[in-house]
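Trainee: Residues or ranges marked as domain 'Protein kinase' in Swiss-Prot: 125-379. Under the heading active site, proton acceptor, Swiss-Prot lists 245. What Swiss-Prot records for 409-418 is motif 'J domain EF-hand interaction motif'. Under the heading domain 'EF-hand 1', Swiss-Prot lists 425-460. Annotated Ca(2+) 1 binding site per Swiss-Prot: 438, 440, 442, 449, in sequence order. Residues or ranges marked as domain 'EF-hand 2' by Swiss-Prot: 462-495. If you look up Swiss-Prot, you'll see 496-531 marked as domain 'EF-hand 3', on the strength of sequence analysis. For 509, 511, 513, 520, the entry in Swiss-Prot reads Ca(2+) 3 binding site, with the evidence type sequence analysis. Feature annotation from Swiss-Prot assigns domain 'EF-hand 4' to 534-568; the stated evidence is sequence analysis. Annotated Ca(2+) 4 binding site per Swiss-Prot: 547, 549, 551, 558, in sequence order.
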């Protein structure tokens, strides 16, 4: 067995309770054979090959000596570029196509994450106090010099990167995420020596620390945690993304309040795998790893196993598969046998035990999936404790939807960019409202889910409400993402802040010359268009909506007046 210490952790147990963090070992199989059942090793070498879905192997990404991430082919090909097909000799604005009423605002968010040419030191004041330490570098706290918002920055030393492909995949996966319980990646910076990932700040500590502090949780407290974990998994699995290293150390509390939400972090082992496809690389952490991973053939239900282990620990304070060392732990995982044999389990309901058993089903093909988990009777009995949408909130939200519907397309995009950058304090109760609307827990809203909560059984009113909700669905797929929902519900006082507006303006001003041109607007809007692009006439009309001095551009003063509602 080859051990690779990924984080500064050690092992020490007393009376069956976890007392300190265990040493993490990564798994690798050189040639993935059925005989390598308990082999742990460093998964950095050739990671791009062994971690890809066995039916979805793709070409390796290209490297660059200095800007290995942001200038690599995979990221250049993924920048804003418009979806219509235009030859290099043509003016893209002369390529007239029918206008679609839909454009995907969430797609813009995914792209602006990697569109940063500033120096990190020009944008952030770095606090040298370390929030965490990993094999590649440190995580520190930082404050935006422009907005005052606090962030966490993961500083990665390039010389310590053994597998560039894994890091690229981590970033590409993270920038697709838009869920209340998945940590946000805001920006990526890079210089010759380091890579900087600007992340949502979560300073409430690890779930692991809470387990050490309290020992075990009541069923209701465990329910609140597991509901958030499974909702995040539902969202990921629907995108054919698996985390593969779920554990209490990778679950953070946003703050120190009693009802602080949690965020799932560390997507370094995450991978894509299509339905009915299997992966074969062996990665994970001994206590939480699924037995089928050790056998070298598994799918996204490996995350369900890990979640079942977490739920088990929450309810009793110790792991279902324990041992003096990693070898002993893995042998027990391979057998998949566990019991509810202590006094702790006497007070735990049969429903909770049944759900754990279904999550820890040894045969992963028969294991419960995340949709079935959230329909389990254990979850249903706590559902009545969720936020109840009252009539006052109904009226407020509907008014917000009306206001949002009246906004021009540019402002809708700008508001969406602003919504993505907000922290928990700015979002307020909207997060709980989103979760209350999300009946099936998949991390996105359907028009039907919102309509059922807000309708008043008045035909005329309900028709108007349904129409407004259709407008929130900007890409026409019937789903409303978390950031799209926040953007439609935000208090407009947020837009009065100059620094907030300036940041939104910079998203559109691609070359930083102080004005938004037709070409820049075309690049942004055509990228977010669904199936078709925008004609030259449409782009010109959008500019005219904001261009008060008719010079053909949108300067910052015009943009600010649009955002704040100030009229000439």
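Keep in mind that glycine also has a Cβ here, set from the backbone N, Cα and C atoms.
Model, not experiment: these values are computed from the prediction.
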Trainee: Out of 438, 547, which of these binding-site residues shows the lowest number of other CB atoms within 10 Å of its CB?
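Mentor: Fewest other Cβ atoms within 10 Å, among the binding-site residues 438, 547, is found for 547.
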Trainee: For residue 438 (Ca(2+) 1 binding site) and residue 520 (Ca(2+) 3 binding site), determine the Cα separation and express it in whole Å.
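Mentor: Spelling it out, the Cα of residue 438 (Ca(2+) 1 binding site) and the Cα of residue 520 (Ca(2+) 3 binding site) are 36 Å apart.
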Trainee: Taking the binding-site residues one at a time (440, 549), which has its Cβ surrounded by the most other Cβ atoms within 10 Å?
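Mentor: Sorting the candidates by Cβ neighbours within 10 Å, the top entry is 440.
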Trainee: Nearest to residue 440 (Ca(2+) 1 binding site) by Cα distance: which of the binding-site residues 511, 520, 547, 551 is it?
Mentor: 520
Trainee: Counting all other Cβ atoms within 10 Å across every protein chain shown, which of the recorded positions 245, 558 scores highest?
Mentor: 245
Trainee: I need the CA-to-CA distance for the residue listed as 'active site, proton acceptor' versus residue 442 (Ca(2+) 1 binding site), whole Å please.
Mentor: 20
Trainee: Other than its own, how many Cβ atoms are within 10 Å of the Cβ belonging to residue 509 (Ca(2+) 3 binding site)?
Mentor: 20
Trainee: Quick check: with 547, 549, 551, 558 left out, which same-chain residues have Cβ atoms within 8 Å of the centroid of the Ca(2+) 4 site Cβ atoms?
Mentor: 546, 548, 550, 552, 553, 554, 555
Trainee: For residue 511 (Ca(2+) 3 binding site), what residues in its own chain, 6 or more apart in sequence, show a Cβ-Cβ distance under 8 Å?
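Mentor: For residue 511 (Ca(2+) 3 binding site), the qualifying residues are 520.
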Trainee: Tell me the Cα distance separating residue 513 (Ca(2+) 3 binding site) from residue 558 (Ca(2+) 4 binding site), rounded to the nearest angstrom.
Mentor: 15
Trainee: Give, as a single whole number between 0 and 100, the mean pLDDT over the domain 'EF-hand 4' (534-568).
Mentor: 86
Trainee: Over all shown protein chains, what is the count of other CB atoms within 10 A of the CB belonging to residue 551 (Ca(2+) 4 binding site)?
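Mentor: A count of 11.
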